[in-house]
Amino acid sequence: MVPVDTTMSGNPAVVMRLVASAYAVAEKAGAIIRMVLHSGELGIVEKTGANDLQTLADRLVQQSICASLSKSFPKITIIGEEDLPEEAVKEDLIESGQSEEILQKSCPLEYSALKEEELVVWVDPLDGTKEYTEAAKCLYLSDQLTCYLISGLLDHVTVLIGIAYGGKAIAGVINQPFFNYQLGTETAEMGRTLWGMPGLGAFGFELQEVPDGRRIVTTTRSHSNKLVTDTVDAMEPHDVIRVGGAGNKIVQLVEGKASAYVFASLGTKKWDTCAPEAILHAVGGKLTDMHGSALRYDANVKHMNSAGVLATLRNHQYYASKVPQSVLQALKP
């Protein structure tokens, strides 16, 4: 059993206050993403190509998250995906609330004395941008929900806020802005937020596992190549799921829809993996590069996960052992 600090209930530890704030900010981010989708004005720009897009929602959400957390925690380091110009952030984007449920939790003892300046926050304001824009185009062209209800593209969209200390992911928040959209609920009722911390647990979902003996691999929907397909084939999966968004793939792992997330390629960055890794570790899972080495989340680390990503809820060694030598040689840490 991991020791927890039971003396901090009247004055929660810094990291617990930061997670509580990140939870509230992620909820606001989800509302912004829904608002932009329904406005019909996505403001899409290409960053490096047609598979690397940025929307108004990406920009507004990153402004909201970074400005909100910086205001409450001025000494933390925040690294966001979007390269945005320095400008004043509108007051209505600032979220100062905190999750009371999280504030009531006891902080794991090893994190209870951490200082603001020791924490690094990795932010992906809208993970699954390509799927978000495709769903939007479908909605606008058809003037009805049917098209993207069937395609399920909005399931791929998440907001990721990961917290790191000493180079390790120690807490994560994932918001799914369109969770339950199939039910036709009102916008205000849509969405959910998952969060977790190793040593404390993970919350906001029901942990499930793929049935024993089944190997279901989840991998990229739009960034595949020979390295990826060779590695997936080497895992000898019973089924392969191709979806967008790193956050979405980790949710698949913890909800029993997949047993391994395999991406043997460049493409993901630290803001894609920090929050999901913390939640996965909180329930006993594991996330590494294709060599089985831990990812680092220090403030000065390179952003690209250059040796790919391998994540599992159970049996990590099995999947790591199946990675072809040719792939390991091609992907250098």
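Note that Cβ sites are derived from N, Cα and C of the backbone, with glycine treated the same way.
Just so you know, TrEMBL annotations are computer predictions that nobody has curated.
Note on L126 (Mg(2+) binding site): other Cβ atoms within 10 Å of its Cβ, all shown chains, come to 30. Annotation comment: TrEMBL describes E81, D124, L126, D127, D272 as Mg(2+) binding site.
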Shell list (Mg(2+); ref centroid = CB of E81, D124, L126, D127, D272; cutoff 8 A): V123, P125, G128, T129, T158, V159, L160, G245, A246, G247, K269, W271
Cβ neighbour count (within 10 Å, all chains shown) around D272 (Mg(2+) binding site): 26
Entry from the binding-site residues list E81, D124, D127 having the most other CB atoms no farther than 10 A: D124
